[in-house]
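If you look up Swiss-Prot, you'll see D155 marked as active site, proton acceptor, on the strength of similarity to another entry. Residues or ranges marked as ATP binding site in Swiss-Prot (evidence: similarity to another entry): L34, G35, S36, G37, Q38, F39, A40, V41, V42, K57. Annotated domain 'Protein kinase' per Swiss-Prot: 28-289, in sequence order, evidence recorded as sequence analysis. The annotation domain 'Roc' is assigned in Swiss-Prot to 695-950. According to Swiss-Prot, the feature domain 'Death' maps to 1308-1389. Per Swiss-Prot, repeat 'ANK 1' is recorded for 392-421. Summarising the annotation, Swiss-Prot assigns repeat 'ANK 2' to 425-454. Swiss-Prot lists 458-487 with the feature repeat 'ANK 3'. Here Swiss-Prot flags 491-520 as repeat 'ANK 4'. Here Swiss-Prot flags 524-553 as repeat 'ANK 5'. Residues or ranges marked as repeat 'ANK 6' by Swiss-Prot: 557-586. Summarising the annotation, Swiss-Prot assigns repeat 'ANK 7' to 590-619 and lists sequence analysis as the type of evidence. The annotation repeat 'ANK 8' is assigned in Swiss-Prot to 623-652. For 810-841, the entry in Swiss-Prot reads repeat 'ANK 9'. For 934-963, the entry in Swiss-Prot reads repeat 'ANK 10'.
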Amino acid sequence: MSDDVNSSATSTSSSTVHFDDTPFEDVYEIETELGSGQFAVVRRVRDRKTGEKYAAKFIKKRRYATSRRGVTRQNIEREVRVLQKIRGNSNVVELHAVYETASDVIIVLELVSGGELFDHVCAKECLDEVEAAAFIKQILLAVRHLHSLHIVHLDIKPENVMLKQRGDSQIKIIDFGLSREIEPGAVVKDMVGTPEFVAPEVVNYEALSPATDMWAVGVVTYILLSGGSPFLGDNRDETFSNITRVRYHFSDRYFKNTSKHAKDFIYRLFVRDVDQRATVEECLQHPWIRGPEGNAIDIRKASCITISHIQSFKTRQRWKRCVELVMVLLKASKSSRRIGDGRFDEEDMVASCTLICAEEGNLRALHKLSALHKLLPNATRKSLKSSFSEPNGATAMHCAAKYGHAEVFNYFHMKGGNICARDDNGDTPLHVACRFAQHTVAGYVANEKIDVDSINKTGETALHCAVESADTRVVRLLLQLRPRLDLPNASGDTVLHLAADSINPRIVPLLVCLAPPLHLRNIREETPLHVAAARGHVDCVQALLDANSPIDAVEQDGKTALIIALENGNVDIASILITNGCDINHADHHGDTALHIASKHGLLQAVQTLCHCAVTVDSVNANKKTALHLAAHYGHVDIIRVLLLARADVTLRGDDGLTAELVAVAAERLEAHSLLKMVKSQEIREEYISQLYPLDTSLRRIKLKLLGHSQSGKTRLVQTLHSSRGISSFLESVTRRISDHYSPSSSMKDDGIHSTNGSFVSESNNNSSFDLAAAAGSKYAPPHSQYTRGIDVQTVNINGCGEFSVWEFGGYEPMHTCYDHFVGNADCIHLILYRTSDPTEVQYKQILYWMNFLKGRVTPFEPIGHCGFSSRRSKVIIVGTHATSSLFPQMNQEGEYVSSDIEAMLNTVRLRFETHFDMDHRLILLDATNPSCIGMKTLKMELAKCRTNILAKLLKPLAILDTVVNHLNLVRKKHANFPVITWPDFIQLVRNEINPLTGDAHCRQIVQQLQLIGELVYLRNDLCDADYVVLNAEWFGTHILGQLLSAEFLSKASPNGSYHTSSLAKIFPEIPEQSDLMTILEVLQLCAPDARTGAHEFPVFIQTEAPDSIWRPYSLKEKERDTVYGGVRILPMRGMERSLHSTFPRIQVALRRSINDYQPAKDTQLHQWSECSKLVSQDREAVIRMVGDAVEIRARGPSESATSMFYFMEDLINLVEHAAAEVGPGISLERHFISPKHLKEHREHPALFPPESMMEMQQRESLSVKGTQDEEELFTDVVCFGSRDVARHLTLGIDVGVADLQMASRCELACLLDPPHAMGRDWSILAVKLQLTDQVPDVDSTGQSLSRTDQLLNEWAIHHPEQASVGNLCRILVELGRCDARDALYRTVPLYVFAPLEDQFLLETNDSGVVSSCHSSSEHNPINI
């Protein structure tokens, strides 16, 4: 039991024991090992001064509270205190001294060298009871000494009764490791001792007492007299049963000659009741111990103990140990013998089993083996018989180190294992542990203060091995020991070379911190920078450069780090080297420069960077070839363009006499040859080059975008701004634009399109008529017949302001669904118009709508400015139209209309949106019919100022831009019927027809500038890689979108929104390929193909209302009872109401696409109606619909598939949120979960669980959440459909890291906490709460440019990542008294983050039939539910 039962940590005193920290080996010389235990080894030592010999017990300390290795300091101190207290008795081992090292406590005791008492008895020919009683009396005297001091030994057994010297009869009690100090009345319970010798109270876990030792004395006496163990059974359970029942007997075979006094002595000790058991004093007075009184005959002399019985006992013990040893060996080697891997050696079973246990980490077997045989931790295998075996010479410690078995390694070390042993490769265990990234073992060895710079046969130190393992923990550990960093291995590589070539880029910065030599070279003459440049880790290269590594050092072939980086395709590293000032014109031994290498390998970015840094472009190599020759030979046309722009000489010839053009011909590089041929002339080449340089002037125009509801005066304002000549000029320009670009076909006036048959009247003219009376009952009725259709685009030169591309966005609401493709850029001016004749409430709602519309469609930019201001605010001017003197009788000194009500309203709007928009503080009220009104002049002044400010921030136009603009007019005529081309076609158009040297970057800049001046529209295609360029924005906005989304078309459209491609020919007969137009409409996400019908579905056209029966209880009560419900409403953040209405058709498009993308969708059906969709997937169904301002999702399915229902719902939520984010990236969404209980009851108005309630529940660590109707439900039911498996994989919102906060959350906090607070509850006090006072000066130094709150949160996430969670931040905000900031955080953080369940769990589930483009998992696979 002493080996298998852990001792308790009962302290004997509250005082701390102090040990001598003098180096032990300075005082004593360590000699042979005398014995060992689990965590201790006893060795004979000799005092260096006196020569006196002692027994030193080396006890391994437990280093960590959670570790299982070693003995706790509390237990060691307890043993020392016991030994100190019991000094001075001749029958107890004497304490001499106690020392302490980093890993051990060494207890120095008197040397007891006489051996065990029983061995002494076995050596005698005979032994009578008098001698036996004398031995027992000495044990009793020792026990009396202990008990008088309230010490209980608890492990009295034959092995702990020793003779002081060989041949001497004086005994000593040893081993006080389990001893306790038990004061009278104290209750101490513990399972300690050796099974055969423990008392019943130990087995029954009852209070220990001095009587516990007396039971053990009885067992020792029984064995001494008979040679048999009184309670020993076939197994431990039987032994314990015998003890608790006090089941023993005096066999005639062994006790035939034993005196009755001896039997009575034993009988008095084997008493279950501790109060009735004989005490030590009673035992000393017992006749068998005391002997006869006076001259009485001593009957003990007549009783002679049969020595053979004791010898048999010892023999049985030895045989038992041998059998147990064989069993342990066979069991430990079972796996090796079964697979026959050659590790088990029958000729050396103990050594081979030791090695096997070391490899397998079988500490339990080692404990058993150690108890039966001396361990051989330094043994090695004789030969290699399999690939599994370790190298020759590998000891058990090498094996344990390789496989990371730290406890086994520690055990071997305590058993005398050589921690510095070397195998045949010269590796020590530290080398092996580091090579295999076993940081725990490496840490153990490192703490033993061994030579960390020891090298093996290949010159490697342990640090070499650690770096090769790429394990940062091991490297950090070794660096704490300050190893040498300049030692090379057999290849000449220092640890820095190896780190530069490691797969782990974090090692080089660690080494660089210790200032290693950076100039050392390996046998290839490479510095670490060369190696890092070849490997490709940017962080490594940067760290070496920051440490002043020689940047232009050359290796054996004359190559610098720059050339090596380019040879390996590491362009990012090449850019860093160039930025740090390396020699870009250096040539290697072959004459190749970095430009030659980059041109040869097609590294366009590198060539561009080198040319930008004025590299010598015509440098020749050993073959007289320039970079242009190499680019021509390998056909890198884009690089040829860059070299020509850098004015490379096209006439230079190589050693073969060929120019670059001829080289391209010889290599059959036709495109390269064509390009070089076109620029052969110096004059033409210079002209092309000059076109691709920016001009000194600004762009000719910018966009002016007008937004407002119908009848807000947009068209009339544009008319007035267009020309001082008034409406006749405007009508003339409209007529000209229509006649130039397209003409309405006659069929469009007579024949419309329908899913079956039908017609409608439609005209492309913006001012076409519409029968309002006929459409009075239609949901698509416009407010007036002359409403703007789509987006009217025209160029206007405003007198005194300059030229603008004016984009008038129609106010007709169905058109809003596609406006996100045309708004969102900050490099333009937005005019929001409202009618001053409308009631103030109407004005306010309309302005809020368009401000929110713009805010939602403008992507917020980093960094966050002071008070949450966006770094790039769009310019917005709010203009009141229809202003007359009758409405505004008061004017200011400049003659402008004045209105305190409107001024107050606009101030409210400015305060609400100033973080996102740059808004003018002047009140602009005008009459659009009067070009000379003061308000018009004010507007023009503001437009001129804004235009100047925006143009000043934009890049200067390329000289080629005007040429492209002029050429586009010709291209538009060529593509008049369908002015749309792909992006690759546009690039080829520019190169083939304008300038062949135009690169991709030039084309991107040209298109960007053409968009800024309103010449075309660039459509990004998420369906495939081919983006599109619309050459005529007016055609696109008015003729296509204005017609398809007009009231005329919508009122006659197919009720189910389904159209075949051929149907488009009836609307747009002039377009030759209707499939091209359908593709463009798909790119705009106005439609999606329906795989079942082969037609395209246009959700915006759908007029059919959803039936009332789409969400009713199941007719079968059993099915309804076994159904789980769930739901959520996705709302825009507070203050952005009605932001999702225009996005719902796009959500329906995304739903249809998801069904198409999911191939095995035969069991999945999607039905769509106006503002409602229903998805049925096998036995699950969901309804997605607009409810007020929210998109509501309700789902239900079988209760046994609750986990799959969560997946189903989660995918739908992600799909809706992703679709909404594509339309409005600035719309922050909230999830309001619906009561599953109320859904199951089919209540008309179910309770909701808003984000604040969900987050508050998490903060309280509650399991239930309270809804809006004050009813509580379990969080798992509300979110997880009752699935606890799902709940276990959720990361709650309070546990989300601050570093992962979305920008909306950060902006809200900045807006609330950046401004100074009257009570000081702002960012400065927050810094104190976050323990970031040291960072305050740096944060405060940024002034008004950056948000101090946002910077603080970033610092918190960096310096305290474990504490920087949303939950902790919310708690701190409450302590700060800023519940408003907490509530804002509650509304904007994710309520949970979901990690998908294990694959084996998912295999048991079915598929949902929904593909979410924002799925929680790392891969965009179909959802497995």
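Cβ coordinates are placed from backbone N, Cα and C, and glycine is handled just like the others.
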Are there residues at least six beyond either end of the repeat 'ANK 3' (458-487) with Cβ under 8 Å to its Cβ atoms? List them, or say none.
425-428, 430-439, 442-443, 446, 452, 493-496, 498-499, 502-504, 506-507, 510-511, 514, 516-517, 520
Under a Cβ pair cut-off of under 8 Å, which of the recorded stretches 425-454, 557-586, 590-619, 810-841 contacts the repeat 'ANK 10' (934-963) most often?
810-841
Quick check on the binding-site residues: of L34, A40, V42, whose CB has the lowest count of neighbouring CB atoms inside 10 Å?
L34
Near the repeat 'ANK 1' (392-421), which residues from the same chain, at least 6 beyond its ends, have a CB less than 8 A from one of its CBs?
33, 36, 38-41, 58, 60, 68-70, 354-355, 357-363, 366-367, 370, 375-381, 383-384, 427-430, 432-433, 435-436, 438, 440-442, 444-445, 448, 450-451, 454
Mean pLDDT across the repeat 'ANK 1' (392-421), rounded to an integer, is what?
85
Long-range environment of the repeat 'ANK 7' (590-619) - Cβ separation under 8 angstroms, sequence gap at least 6:
557-558, 560, 562-563, 566-567, 569, 571, 574-575, 578, 584, 625-628, 630-631, 634, 636, 638-639, 642-643, 645-649, 652, 1001
Inside 10 Å of the Cβ of S36 (ATP binding site), count up the other Cβ atoms and send me the figure.
20
Express the distance between the Cα positions of the residue listed as 'active site, proton acceptor' and S36 (ATP binding site) as a whole number of Å.
16
Take the repeat 'ANK 5' (524-553) and count its residues per DSSP category (helix H/G/I, strand E/B, coil), listing them in that order.
17 helix, 0 strand, 13 coil
Contact set, same chain, for the repeat 'ANK 8' (623-652): CB under 8 Å, 6 or more residues outside the stretch:
591, 593, 595-596, 598-600, 602-604, 607-608, 611, 615, 617, 658-661, 663-664, 666-667, 669, 671-673, 675-676, 679-680, 685, 688-689, 692, 996-1000
What parts of the chain pack near the repeat 'ANK 4' (491-520), using Cβ distances under 8 Å and only residues at least 6 beyond its ends?
461, 463-464, 467-468, 470-472, 475-476, 479, 482, 485, 526-529, 531-532, 534-535, 537-540, 543-544, 546-550, 553
Quick one: what's DSSP say for the residue listed as 'active site, proton acceptor', helix, strand or coil?
coil
Three-state composition of the repeat 'ANK 7' (590-619), taking helix and strand from DSSP:
16 helix, 0 strand, 14 coil
Pull the DSSP breakdown for the repeat 'ANK 3' (458-487) and write it out as helix, strand, coil residue counts.
16 helix, 0 strand, 14 coil
Residue counts (helix, strand, coil, in that order) that DSSP gives for the domain 'Death' (1308-1389):
53 helix, 1 strand, 28 coil
How many other Cβ atoms are found within 10 Å of the Cβ atom of the residue listed as 'active site, proton acceptor', counting all protein chains shown?
24
